[in-house]
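Beneath this line is the structure, given in structure tokens, with notes to follow.
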């Protein structure tokens, strides 16, 4: 059955003993429930699903979006008759720290009995949860964008609806080098995400144009707060374009300081996550004139996006961002997988999700058989002056899903 | 061009440096005058920025910014003064250690308060349009806001300098920061000035928060991100020295910025050898701090002699207690039996997660015990103790990945590497004492924390994955994840095996430490805690004893870290999980909370801390606020920790019974028990 | 002649511009009771600290039992037989009286304790140390209070314990820094009797303010002013020394 890792028979062992505990938990509550395991037989069966998001720590401005998206999906799933089960949502705070995330994951899986888990943003946390899902054999939908999550660290229990860095790099690389300028500077934060932006984007740009020149690179530490020195350095170079391999607070600080020091007027500032709501909120008008890859925009007419935007806006008084749509559709994909499988047993759902095509807010996407990555389209966008304090996103070009995703073997996934 | 470039970088450095100056000035004077290590300074800094957000919102950036920069610091200053009056004041005369527990609690409370009121979304602090545009002077292009920050902060620094040097209040405060006793002796009630100093320090921090918020953004982590650099500045400059704070702030700002700008750039080529600036961003300031402390232990401008430093009273938990020794041993035995039976209860409840929590408690109990050996017995307060926990965990993971999966080999490796590390760090840092020792160990820990991000073999920011432990030697034994056996029809798995392994190691560690403290070596450690000078003059090589205690403690903390890696609940070892300074703070807090100097107290502290966290977080998102409040109340009312509660209760009862013979509640005869 | 136990040669200590001890050359004979007197700021305590190793000299040499100990660490000087007491009571307040004395006795025997024993053997299981502890407790008359915490003792008893700590290290030369400071005249008398009783077979060096006391008990007296040695001699010689009278005795006693 299972073919993961070093000790195939051991995982069977865990599986059996773990199920025993879940059975025992059920028995403690209501005798006889243990027998129901594995069947989606009629009525309103409750399936425990979990959403683990960074509510504190450096990513705490992004976590709540994931959480509200997931909550909306759960409410909708429980309201419609499309599914003959109910989702019971349990939540946890990953604190952007692998240790806390591990213990939260263990809590929701072992104490609450969740076998379907969504969440995490930082790559380290997502990788930890990946591994845990592989060990305890439950479905996991990561929220992080780092390539290794469905790349070198992929496993059969992990499915990703979030668009990964490689896909975004595809979107911004060709457009930038062909339309914004050939001389490119890379500035990236010195950690997994930043490194992967640099590697992907520079390689793609090289393929996209013969005139491409890498003018220079600079790196800062994750969480650095003062970018003045880099901006000066970049501004004094011959670059036409600067690509930023950073996100969250780092990107906000860089963008604000770049605008103050006049870099934004001088050259094209391109950040894969520049269009994120949280980044726009943190930068205000300072991000006007910068470019970014877009994984999502509420204005999209793809799939059932408009219905989602409407529902989300009426619940939360604002439009959803990328993290909300990831939370929303990750939960819906779990439910759709269960319907497809006719079962709420993780193993069955896994088989149904693998290679399956589903309608999402991004249109019909496939969870690729080879690495379980969703074949999302991506967009190149420019930030323009908006009505309020924050900049608006103007989509410049769509790159279809089929073109954004390199083969799984390229990304290092062997399942 | 090159010159202009350099000047721009220098301006950037000065901008950051001025923020550090504002932060460090308050921190340094607060420490100098009242010996308070104020961890909450960073949160007061953040509070300044958040107040400004609320003030700017109705007025708009144009006028709102200027209103905010006046009103918000005053508001934060008042909060600072209130904090001093209600919580810091009762602790004067006690060791600065207690301020760590107190201000750690304040950090939790203020930070959670901010999240409750303003949310977790990062915000932009709007500054007037004319400040946030680039300006070019003689080919040097930076933002107007850079100039504004430098000039405004410099102005404030000059005003502060004037107040300190040219007014009567200032003279007294300055004198107090050099020699408190002397000021008292000339008949001045220096305590009256504390509220003022604390309030002004908080207000300066708030100003720093506002100007930096306008430059970057406002978020809930901003306090945490500046507090360690601010401490570095204070220590570099010399505790209590305003001049030092100014110099240290600018130095750290400029060095950080220049290292960033020129890292990896080629300096010169000599023949075939290319000299380039090594990529040391992040490491530089800590290396600088270690170097300065080794050469000039009191910092660059420090004036305080060793004599006047940290003479406060350390309240250890262990003084016999109302329970007899035999009772205590029996209680300990009962506790161990209860812990040994706990998995069975968990088994019948069917919730294996509690075992995960118990495992975490046991690991931290060993970690806290290791700290107690140096803190509660040798009187050393390391603010970087998590370096051993982290290095132990990394060592264990690396050993499992590359050499051997045997639990015994792995743990032995973790202990040995950490003992060696402790010997090196100890040899360098034990020469400095008190707060400087705390800070130099912090610098070493931060150095290691930054370093693991830089190396491939430590997995960078992701950490290490994919290791598994094996219970046995060579080929004899079983993989932890493979182990299962049946009991009463239930299958027992790896969590159980690990739990008993951890419990066994925790009990053995406690017995080892107890034995050691009752042996000649441990008795000398206790004498050092009581009076280092006296111990020296009855013939003990105090530094050698301290260093050995540090090595034993480091090895034991490494054991705890190794257990973390071996634990089946651990699938990844990452930098923040193991080496972030916050864990050094946490372990001190846990040891104090449980009752230090008792060995078992810190272990109980671990249980109560994680138990409370687990319990509270399942009921409310504001659990940090509650735990923080709990710390504050404990440090005020139960300073000897949880273990002293039985004797406190006994004392209350006695007081109630003896209406005619009142017992002074403050007398130091509060005793402890378990 | 009797041998010299302690000798200083050109001992000098400068703090910045201030010279606290200026070229002091002393010689204490074996078995001698030497007192050092002088007005406040005369450099008595600094001299004391230079001899015990709490401070290191700017210039000059300290010789103890014929060996140069100028660069020897304080704890090692104790090991070689140079004991000291403190002006401000400095005992291990949180430990029992017995443990205080035992620690001092253990220090003398620490060479006999191997590393394994040091870590694991019960500290009370060493017979020689226990025996010595008992003897010292008896000598200082605190055997009945041996199990009390030192900080619970009355001031006078704490001073006795202070002496006990010195005694337990079995010194050849005992440096006493105002052992009767802050005592009533009865307590002072009792303490001096105690010193006489338990330390009379050792060389003694006493720093004292109380001139009458010094005149009564000392074999020889050294007078310091402004860091310099003004005079040395027997109590009679000192009492009759003009310089001393002018510079010190007259001034202080009015």
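Note that Cβ sites are derived from N, Cα and C of the backbone, with glycine treated the same way.
Per TrEMBL, transmembrane segment is recorded for B:18-37 (among others).
The transmembrane segment feature in TrEMBL is assigned to B:44-60 (among others). Under 8 Å from some Cβ of the transmembrane segment (B:44-60) lie the Cβ atoms of residues 23, 67-69, 71-73, 75-76, 79-80, 110-111, 114, 117-118, 123, 125-126, 202, 205-210, 212-213, 218, 220, 222-223, 226, all in the same chain and six or more residues away from its ends.
TrEMBL lists B:66-84 (among others) with the feature transmembrane segment. Sequence-distant contacts of the transmembrane segment (B:66-84) (same chain, at least 6 residues past either end, Cβ-Cβ under 8 Å): 40, 44, 47-49, 51-52, 55-56, 59, 106, 128, 194-196, 198-207, 210-211.
As annotated by TrEMBL, transmembrane segment applies to B:96-118 (among others).
The feature transmembrane segment is assigned by TrEMBL to B:144-164 (among others). Residues 11-12, 14-15, 18-19, 21-22, 25, 29, 127, 130-135, 170-171, 173-174, 200, 204, 207-208, 211, 214-215, 242, 246 of the same chain, all 6+ positions outside the transmembrane segment (B:144-164), place their C-beta atoms under 8 angstroms from a C-beta of that stretch.
According to TrEMBL, the feature transmembrane segment maps to B:193-215 (among others). Outside the transmembrane segment (B:193-215), and at least 6 residues removed from its termini, the chain residues within Cβ reach (under 8 Å) are 15, 19-20, 22-23, 25-27, 29-30, 33-34, 36, 38, 41-42, 44-49, 51-53, 65, 68-69, 72-81, 83-85, 88-89, 92, 125-127, 131-132, 145, 148-149, 152-153, 156, 160, 169, 172-173, 176, 222, 226.
Feature annotation from TrEMBL assigns transmembrane segment to B:227-254 (among others).
The transmembrane segment annotation in TrEMBL covers B:266-295 (among others).
Sequence annotations record features per position, and here TrEMBL assigns transmembrane segment to B:436-457 (among others). Residues of the same chain lying 6 or more positions beyond the ends of the transmembrane segment (B:436-457) and with a Cβ under 8 Å from any Cβ of it are 37, 228, 231-232, 235, 279, 282-283, 286-287, 289-290, 293-294, 297-299, 380-387, 390-391, 394, 398, 425, 428-430, 463, 575, 579-581, 584.
Summarising the annotation, TrEMBL assigns transmembrane segment to B:549-567 (among others). Panel annotation: around the transmembrane segment (B:549-567), residues 359, 362-364, 366-367, 369-371, 373-374, 377-378, 380, 382, 385, 388-397, 400, 407, 410-411, 413-419, 421-423, 425-426, 430, 467, 469, 480, 498, 501-502, 505, 509, 513, 516, 525, 573, 578 of the same chain, lying at least six beyond its termini, place a Cβ under 8 Å from a Cβ of the stretch.
Only residues 6 or more beyond the boundaries of the transmembrane segment (B:587-611), in the same chain, are considered here, and those with a CB under 8 A from a CB of the stretch are 97-98, 100-101, 104-105, 314, 316-318, 332, 357, 360-361, 364-369, 371-372, 375-377, 381, 383, 385-386, 389, 506, 510, 513-514, 517, 529, 627, 631, 634-635, 640-644, 672, 674. Under the heading transmembrane segment, TrEMBL lists B:587-611 (among others).
The transmembrane segment feature in TrEMBL is assigned to B:623-643 (among others).
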Interface-richest range of B:18-37, B:96-118, B:623-643 toward the transmembrane segment (B:227-254), CB pairs under 8 Å: B:18-37
Non-local residues, at least 6 beyond the ends, that sit with Cβ under 8 Å of the transmembrane segment (B:18-37): 45, 88, 92, 96, 99-100, 103, 149-150, 153-154, 156-157, 160, 164, 173, 176-178, 180, 190, 193-194, 197-198, 200-205, 207-208, 211-212, 226, 229-231, 233-234, 237-242, 244-246, 248-250, 252-253, 304, 310, 312, 435, 438
